[in-house]
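For reference, TrEMBL has these:
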type	residues	note
DOMAIN	B:22-482	domain 'Amidase'
ACT_SITE	B:LYS76	active site, charge relay system
ACT_SITE	B:SER166	active site, charge relay system
ACT_SITE	B:SER190	active site, acyl-ester intermediate
Amino acid sequence: MAASSMGLCTVVCNINRKITTRYPRIFSLNTCHHVCRKSFGSSTQRCHSQAQIRKKSVPQQLVGVVGLEVHAQIHSNTKLFSGSQVRFSAPPNSLVSFFDASLPGALPVLNRRCVEAAVMTGLALECTINRKSLFDRKHYFYADLPAGYQITQQRLPIAVDGRLRYSHLAGRKQNQVVTKSVRIKQIQLEQDSGKSLHDDSRSQTLIDLNRAGVGLMELVMEPDLCCGEEAAAAVRELQLILQTLGTCQGNMAEGQLRVDANVSVHRPGEPLGVRTEVKNINSARFLARAIDYEIQRQMEVIGSGGTVLNETRAFDYKSGQTFPMRDKEGLQDYRFMPEPNLPPLLLYDSETAPPPQGVDPQQVVLIDAVRKTIPELPAVRRERLVDTFGLLPEHSFTLVNEDGLMDYFVGVASQTRAEPKKVIGWVIKDVLGLLKQQGLNVSQSPVSPRRLAQLLDLLEDGRVSSSAAKLVFLELWKGTGRSPAQIVEEQGLGMMDDSAEIRRICQSVIDSHPEEVRAIRTGNKKVLNKLVGLVQKETKGRADPVRVRAILEEGTS
Amino acid sequence: MLGFTIREISLAFREGRISPSELCRKCLNHIKETRHLNAYITVTEELALKQAEESEGRFLRGAPKGPLDGIPFAVKDNFCTENIETTCASRMLKGYRPPFNATVVQKLLDQGAVLLGKTNLDEFAMGAGSTDSAFGPVRNPWSYSDTYRDQSRAEPDSDWVITGGSSGGSAAAVASLSSFLALGSDTGGSTRNPAALCGIVGLKPTYGLLSRHGLIPLVNSMDVPGILTRSVHDAATVLGVLQGLDVKDSTTIYHPAPHNDLPDDIDIRKVCIGIPKEYHAPGLSRETVSQWSHVADLFERAGATVREVSLPHTQYSIVCYHVLCTAEVASNMARFDGLEYGHRSAVSSSTEALYATTRHEGFNDVVRGRILSGNYFLLKRNYQHYFVKAQQVRRLIADDFAQVFGSGVDVLLTPTTLSDATRYSDFIQEDNHTRSMQEDVFTQPVNIAGLPAVSVPAALSQRGLPISLQLIGRALQDRKLLTVAKWLEQQLAFPQIQLGGLEARGGGRSLGVSQREQTSVA
Amino acid sequence: MASFTLRNLFSRLRNPRPLHRCGVYRSAREDRLSSKQTLTWCRWSHETTSIPHEKQNSHFHNSKVPQTPTWEPVSEDHLPPPTQVPLDLVDKLERLALVDFRNQDAVACLEKAIRFADQLHVVNTEGVEPMDSVLEDRALYLRDDCVVEGGCAEELLQLSKNTVEEYFVAPPGNIPLPQRDERTAMLKDSELKLKF
């Protein structure tokens, strides 16, 4: 996150925290704070005011209000209303049917898989599934919209009134798990548009309709978020959920998940301010930056006495700023109309609303049947990790948050005798740390779970010291294929067992560093670390650092 | 032979009295002779002859595909025909060759029918006269019939009458005897209206019975492919072939097709005929009222129950239709922008400018006017006030019908049009919108309610032009409707058109279908 | 402005006189009509020559068939005041629909269409559920998720008048339409080009 937005967040939060601590029993009317005080851990709000300010005592500060609109491309073989294929890259216009090209006389035919995906997503997000939903046409002209209208669900969408529960790490050490939720207003099925490639040199636009007609789930969220960090965390959780369900692959870079943010600022308790819509954000990282920039920009506008315009702005990731796009707000009127070629979509439930007799089962989507196919969701998975392995919530959060890391962890834990608590340290600090440093993802880790497990076993058995183990790990990271045991053998990193030798070395270090010894004796315990380091250097890390420290302590007392 | 019905021709094929190729050639020649009617936009001569040859082969082998094998047919130019120009009579689609066949066209081709060509219509099916086409107006063949010419003192070129619309070309093709069957479309009466004015049978099936895949839409919630033939029996045969669920059209339903033909002997005593009193609309001609009464008499005397009934919201049906129609038109026409197909203007300054000029150049005034009205009604500020209100009125109209049919009425009897065919020179005195609102009065309520209806020619007017009546049935009771229509047709014995000098079937014949069929069966 | 009610519509049937194609019809006769509620409808007449007696159809009568029109004329007082479409709305509609009004006649046509539609408000629709289509009781067909279409780029591209390699080509987007005067000039220009 950009430093400025971090700073802003902190400023706002600090103020709010002060208010919270001063007025702990006053409830906020603002919606941006559904804190779930479960076993997941307590937290003070990171980012939002908990209290209604008594006007006389504390001046009100502007806070950000963010509502997200997410377009998630449905993971299906074919498009929403036609039988042409859904694929990310293909020769231009090769995945286009007559209907997608809007040839007159071609009609929409609904894909059952898309319906099931929307129902599953709605259920996972605690929505009410509308047993009857309708399709509408939304009219506007654009080169990538061949029919001159998009088929969507404006009047009666497939799912409403849900909740996305998400968490993020907070606190100075990023080790507190804060759980929040944002309300989902509705989920609707709609068509994606084609793609336009601007060829400015020849003053023309090239149109590729491969993406035209691909099924989208539009998730409209209530403005319950307050800053970029929350938005990024919410989107991340949504991504995980969709990927787990298999209803959307969630790759933002490939456009499978697109987020637009509606941003405004106001003083808590007062009506919401004028909002702007920020578009053109294609990664979670940029989402946070864009939102925070926009909040700050609006605050500055208001602070200098101006008014915020209701407009659409695009985010420019190079400069980190938002710029107004062409404003069509006043002109635009989508002239919604019911889609006459699609009768109402009816969903059933085997218990409460069974389908009529004799209906082809292929023509029926049963809500309860879909519910049964929902796999373990990330939130549940995190709890399960905590329960099964006794992990700390923040560790469980990190494991689930990183693609593949949980499986990696489980892989190691199941193959080693070391306790999960020990395993987790290695996985998160060492493995993940190096992956991040080198910009790799978990699947690209040169150290496999089996190798790490072997190393941890060596540690368990006392065959290698903890510091030597680090060296072995680094060697493993080079990916030469040698096992930990082999590396220990070859580099002579085995645990030094010879107590006499250790004592001798310790003593020699003590003798050769009288200054430091004096410092320790006068109470500066930190200097002991230096001595430990020197011993370790001498022993090539092979001595057990705990023992070394004990001996040195004894020797310098 | 050109004046035969499908049923008769099919028998003639089987008996070897004429071959499909011979008949096809006769029809193609006749099309050339009746060129002045301007009924066809495209004539697919080569293709027709090829198909006729194939059909002939099948008959020779004794393996015809069915009752439509070898039958020459025409298709309104708003149905997609694979690789054959489909224009909707508009500059917007001049030169457009769809890469697929409409389902109903495909079904006819699969049955071995022979495609003669694409017929003329009002541009994009908007109109009630077939007078607003980029290819010029269609002339009613009866303008050149003996009965009309005997009345008129003027030159044929100055007092010719319209076919009605919007499927005028299809009606003219069948009425002028160059085609035995034609497909039209019916949104507010566009099949029944020209059928009535051209003296042929025009069937609008129940909404959802026939697939609209490939029918370039006007109003998706009301459009139905229409069937134009010379006899009710033919219409029933074609309906049986065309009906059926189509997975490519989500508005189709499954309804089992009948296994056998309509009976020839019909007991009308079990039938209850309703006469909706609101269907005497202002402007209804004396002669049509007279025919309406005459037919009511026929039913009564034959033992059927005839009742006066009421459809109280009839008067507002046309207003409701007007709002819903223009709104859907505005939406359906949004796809014509010149990018993927169709006419494209030379402007390249911006996409919006390209769209605006393309649409300006491609659409006629009628289409553009309806698009603008429709957009007005769909504006956020107007949506509730006009569009939703019209939808509410729609339900009232549908309920009116449901109530009447629920009270024991089987079929309603009404006029189809206000009068016989108007002279073109008179018709164009009013604008398209006005004419549509006038002429569609009896036909569009049926589309609003999605019911089946058929226009049956009754008699000739004083001017020697056809007057027809409409029968409306219950949803999905198309067969029953056609049975009653067939009975009526047998009673009325409407005369065949006499186009002086052309090879109609023998001279001095003013007897109708039933007589002909009796002799041919013998 | 004369209203465009059903009554007017059908009064014009009585008198098929040459009229401006989309204009407003005013006559003394019509003014007389508009002042009264009771109307008698004259028979529809063509310019026909007199017909020999034996060729006339006999005039049939049936008690169930109404012999006179049964419609209730809609009086002006029942309708809301006529709508006038202001210039900015004209401009907005042209931009939204990308179809132009061409001239003032077209605006008058729209106002007429609106007036016609105003008659809907005479009907009492309280508590009536709007009807999207007659299909409201039918189930929506659900298709299997199998690839059965697409892969026809060439077929589609050859329908278009301007393509580059495998792309459809459009002019640059995100450029608003010019102001009304400029637009009119642009369209006139394109019309001329079409003719030649």
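Backbone N, Cα and C atoms are what each Cβ position is placed from, and that goes for glycine too.
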Local Cβ density at B:SER190 (active site, acyl-ester intermediate) - other Cβ atoms counted within 10 Å: 38
Spatial separation of B:SER190 (active site, acyl-ester intermediate) from B:LYS76 (active site, charge relay system) - C-alpha basis, Å: 11
Structural state of B:SER166 (active site, charge relay system), classified by DSSP into three states: coil
Spatial neighbours, same chain, of B:SER166 (active site, charge relay system) - Cβ under 8 Å, 6+ residues apart: B:LEU121, B:ASP122, B:ALA125, B:MET126, B:GLY127, B:ALA128, B:SER130, B:SER185, B:THR187, B:SER190, B:PRO194
Surrounding CB atoms that lie within 10 Å of the CB of B:LYS76 (active site, charge relay system), all protein chains: 32
Three-state secondary structure, B:SER190 (active site, acyl-ester intermediate) (per DSSP): coil
